[in-house]
Amino acid sequence: MYRYLGKALLLSRAGPAALGSAANHSAALLGRARGQPAAASQPGLALASRRHYSELVADREDDPNFFKMVEGFFDRGASIVEDKLVKDLRTQESEEQKRNRVRGILRIIKPCNHVLSLSFPIRRDDGSWEVIEGYRAQHSQHRTPCKGGIRYSTDVSVDEVKALASLMTYKCAVVDVPFGGAKAGVKINPKNYTENELEKITRRFTMELAKKGFIGPGIDVPAPDMNTGEREMSWIADTYASTIGHYDINAHACVTGKPISQGGIHGRISATGRGVFHGIENFINEASYMSNVGMTPGFGDKTFVVQGFGNVGLHSMRYLHRFGAKCVAVGESDGSIWNPDGIDPKELEDFRLQHGSILGFPKAKPYEGSILEADCDILIPAATEKQLTKSNAPRVKAKIIAEGANGPTTPEADKIFLERNILVIPDVYLNAGGVTVSYFEWLKNLNHVSYGRLTFKYERDSNYHLLMSVQESLERKFGKHGGTIPIVPTAEFRDSISGASEKDIVHSALAYTMERSARQIMHTAMKYNLGLDLRTAAYVNAIEKVFKVYSEAGVTFT
């Protein structure tokens, strides 16, 4: 249910007795709040003054509890959309009964449903034994299977996987991918283990998940995340298919992000970074948003900074560079580099592969200070959570913050960015490219055929016959006195009419998904007068979609 702190409408798990007076008080407060005029000239300030943040995260403003942080963002969206959900209910109930139903379903959506904690031994190459800790959280089963990555990091904790699992639920809803949210973590530093040891850990972790019913094509489908990739996903798929999924024809759909030879899909590796690019593209080309932050539309004259040169950071950098933006700085855990004339992503990638670090790159200088505070138009935090906090948010110079990482902005920092009219494109939308293409891979595995294979030659022949028909029509009309009238397509059109490959289909579908979701977020932000608060608009969209599933399915057996 809801509980109020100051002017903030918050969800809590308080008992019914404690909620009766709070419900009556909430209605009165909402009524008074709606009677106040909005400050249209500064939507960010108006929003900040109208809604406050949860006290659950305010006690540690620079290092809030990650899961409570996500719950706080959920609360903001729920407080805005509750009345609409009540109004849209088509049940033969009183207003009070409808409101109780809505609040009850919102209470179901918010918590993390299942958290599995594991410990298992492995024998290392030197003969010693080590106990490995791991977790898998399933936030919601409103849609199945659950979906979320597996990360290898010493920072993995129960709180982190719960937060990331809940983000996955809302992320999938924002981009209309029919999955519930999940996340897994293994508490290791992969740099301290050999490839043989990592394979042991990955395969044993897979078996532990399988024994507990936490993996399967229709149950729970992991994917790559921090410090994991195609190699680890291939080990997982092989382990599952060789054991518990031995008789399941869909066994390799138990995980996504696999190599092509193991049922993977073209475009998955770059999917999250490409999605970040498309997400930025949709807002940077929108004149109304650019005028609010004092920028001109388009990438042409824009500079950007990337924090984190991993999979997401690298591919985000590549696509922005390709479309005319200039990368002036890149930050990693061991240091940062700077070049106001621009850094070429391919050259930097080659240097990092050869030397193991971006430091020492000959075409850039070391950057002293925080890379998050570097002078640029677009800041892309693509590392870990809680990087932008109350302490450094006032010094951020970027006008657009594109959240490539999960949860990089704390609630207090988010509030400061709204007050400063900085456009934050939220993680719950922006880095959804990975799960979107994972969905395409999952469908490919269930259908047992690659995209384009059944139609590639048919489309190519159809387009060829169309051009020949046009040519023959022109020759019949004007004759052949000067010879034939060849129809010569341009290079771009020739590539298009040759037939869509799997990669073409994936890229096109991803671009469309990000565009459609961006339009939904813009519409919601305008509808509720949220100004630049795209995060709350995205959460409102997610809550509406998840709520509809629960409401129409019924909650008797939920």
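Cβ atoms are placed via backbone N, Cα and C, with glycine included.
Here the structure is a predicted model, which means the values were calculated and not measured.
Taken from Swiss-Prot as is:
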type	residues	note
ACT_SITE	LYS183	active site
BINDING	LYS84	substrate binding site
MOD_RES	CYS172	ADP-ribosylcysteine
TRANSIT	1-53	transit peptide
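Cβ packing within 10 Å was compared across the recorded positions LYS84, LYS183, and the lowest neighbour count falls to LYS84.
The 10 Å shell around the Cβ of CYS172 (ADP-ribosylcysteine) contains 29 further Cβ atoms across the protein chains shown. Between the alpha carbons (Cα) of LYS84 (substrate binding site) and CYS172 (ADP-ribosylcysteine) lies a span of roughly 22 Å. The DSSP secondary structure for LYS183 (active site) is strand. Each residue contributes its Cα atom, and for CYS172 (ADP-ribosylcysteine) and LYS183 (active site) these two points are 13 Å apart.
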